[in-house]
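Let me begin by presenting the structure, written as structure tokens, before commenting on it.
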Amino acid sequence: MASRGLLDEHNSDSDDDDSLIGLEILQENRYEDFATIDWLRDTSAERVRQRHLHSQAQSSALGWISKTLGDSWQGWLVVWLVGICTGIFAAAIDIVTDWISGLKLGVCTSAFWLNNTLCCWTSREDNCETWVYWTGVVDTDTDPSDASAGAFIFGYLMYVALGVLFAFYSALLVKSYAPYARGSGIPEVKTILSGFIIRRFLGGSTLVIKSLGLCLAVGSGLSLGKEGPLVHVACCIGNIFSRLFYKYRTNEAKKREIMSAAAAAGVGVAFGAPIGGVLFSLEEVSYYFPHKTMWRSFFCALTAAGTLKVWNILHTHTSTELGAEFVCPCSVLILFYYLLYILLLSCNYPSCKPTQPHIVSIVCVVALITLLFRYPSAVLRMTTSELIHTLFAECGSGPLTDTTSYLCTLEASGHFMHTCFVLMAASAFTLCVTVFTFGMPVPAGIFIPSMAAGATIGRVLGIVVNQMVQNRTATSSFFLDVCHGETQCITPGIYAVVGAAAVLGGVTRMTVSLVVIMFELTGSVDFIIPIMLSCLTSKWTADLLGGIDGIYDQHIRLRNYPFLDGKADYKHDYTAQQCMQPQPGGEALSVITSHNNTIESLDDLLEKTSFAGFPLIQSNERRVVMGYIARRELRRALDLAQSKGIDSHMRVMFKATPGVPTTHSFVDFRSCLDTGPIQVAGSTPMEIVVDMFRKIGIRYTLVTIEGNLAGIMTKKDLLKHMESVDT
């Protein structure tokens, strides 16, 4: 509580201090762990602060400079710092992950800390002498694909052993130092941005362990991606920088504007798609996204992507240019992908429960199984990002990388069925291991594995269609009319792009942001229409089959986070009176009357109850609502009064009430009171109440019947009710 006006006479004139006291109370606002923020109160606190700055700006030139430079530019400065650091972190994660991934295959003899690309940077020959595969320790032939049996087995053992070791340390770091670093983090980010408090989830220790664990988990060869966790990393950076600025440190609603921009930067560095990052933040994760936040999000994502381009010496986010005619039976392809998505959700949901015992052992076993099957296949041996780049590429359009040339050579070999079998097996393997890998206690993303599974099957379909055109075995003249007699008019890489978009759209339920991300990823406008078709078909199929939610929403429900989905419709016939607390036969509602309160009685009330707040009523006989008192603010006020040595029998006043004697001394707690709590009548339909919680962002609403307090409904009460009626 404010030190001024704490102990006053009832008949004294302290109104001049009210605004100052209210400002100090609001700015000291700190929420408990696993609590819901009060959007209205935080917004009011920001307005009070702005009025205070405005009055200072009008009174002096120094005040104007302080408001213009010291306050107005804080938002842009914070998002610029977040963008710079996010880009640096993303570049470091890319480089370290690539080094760890390459270490499973070999080592640079001239400098062990260099990966294959940097080790052979100056080499002009096909065989780099400074890079030695583990097979080369036994055999002079350093290529694992052509090594002798003994060399192959030794390379196999090193690949599996190092991969399991990296996965073990990733799980151990998460379990021992930062349990919140597990998974992708996007479900929790969505919940936090909706107004929920999860302490330590966006802290410095989580940032460090998430980054290190992500490098180890992805580099180990597990079927995981680093793109989703980069959103968590960026939000950690945004939260840390927001603590440095008073404007954001003291206001949770304002802090979420920075984290929305950070989420956009996370996707921007993940795919090199800043515009797609802004749309992802708007469409998927943000709960409150005003106009200025959109511009700051774009600036943050652009800064992060630019920083990544400068710092990432490996250029792992370069786009893949594709150019060809698009011919694809999209509807059949996408329907098949969506059935795969339903299978993934149904299998992944029960395998991701956070209470699983022996979590480190489970990670090691899954890593062992994954690596045992990866190494014998040249397609699976490459990293998932390299596999996607290879599947997107067009053969014969220019210089090819080693991984791309392998697939193109395989397609040109004439073994049509063998090529399709290899790719189909790779897709099935990726899908199966992703089901059991995503959700394990390691930093994990699902973007890249989903895209890899879809791109692989899409490439197979492209090869099949190309074979049909070349052999002229199509049952109609459709292919002949499109190709106009050309010998090569089908590009399998285009099918891979659409397949990747279809599966990723089905898994995450992304639409507009996914189209833009894929456009920025491929660098070609030709694919916008087929990608849009794939996203729309995925959404329509989901709506037709009952509106199955995306995997992030499924994980939010799995962890019982209080997330109120703004997209779901409420279609039930209930009133506020039927859903409020208490219900008939339940525990009585704890209230505070406007008089006869002492410091001792209020302290006893807090000791005996665990409610987050208490309605203030005129009297037990006349239950007219006079305000609402949050538990945390009442606790701070009582602690401050006791620290000043005030007698515990001293009376407390929250609001001047007619009929109360005015000659006694009292403790002034008026600054604790919310004098305008949201109230609804008991007969109000629940669909209106749900809209109020969504659009206003309230934590609770008081329910009245004929003007008298009847009950209360909190956000958690609302979520429990919605879950019960939906099931």
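Even glycines carry a Cβ here, placed using N, Cα and C.
Unlike curated records, TrEMBL annotations are generated automatically.
In TrEMBL this protein carries:
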TRANSMEM  76-96  transmembrane segment
TRANSMEM  153-174  transmembrane segment
TRANSMEM  201-224  transmembrane segment
TRANSMEM  230-246  transmembrane segment
TRANSMEM  258-282  transmembrane segment
TRANSMEM  294-314  transmembrane segment
TRANSMEM  326-346  transmembrane segment
TRANSMEM  358-375  transmembrane segment
TRANSMEM  420-440  transmembrane segment
TRANSMEM  446-465  transmembrane segment
DOMAIN    589-639  domain 'CBS'
DOMAIN    676-723  domain 'CBS'
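The transmembrane segment (76-96) makes contact with the transmembrane segment (230-246), as judged by at least three Cβ pairs under 8 Å among residues 6 or more apart in sequence. In summary, the transmembrane segment (420-440) does not lie against the transmembrane segment (258-282): fewer than three C-beta pairs, each 6 or more positions apart in sequence, are under 8 Å. Non-local neighbours of the transmembrane segment (230-246) in the same chain are 74, 77-78, 81-82, 85-86, 89-90, 93, 181, 184-186, 188-189, 192, 202-204, 206-207, 210-211, 214, 255, 258-259, 261-263, 265-267, 269-270, 285, 304, 443, 445; each lies 6+ residues outside the stretch with a CB under 8 Å from one of its CB atoms. As a quick check, the transmembrane segment (358-375) and the transmembrane segment (258-282) miss the bar of 3 or more Cβ pairs under 8 A, pairs 6 or more apart, so the two do not touch.
Ranked by number of Cβ pairs under 8 Å to the transmembrane segment (201-224), the listed stretches 153-174, 258-282, 294-314, 446-465 are led by 153-174. Here the domain 'CBS' (676-723) has a mean pLDDT of 90 out of 100. A Cβ distance under 8 Å defines the sequence-distant neighbours of the transmembrane segment (294-314), meaning residues of its chain 6+ beyond its ends; these are 75-76, 79-80, 82-84, 86-88, 90-92, 94-95, 98, 115, 117-118, 234, 257, 260-269, 272-275, 277-278, 281-282.
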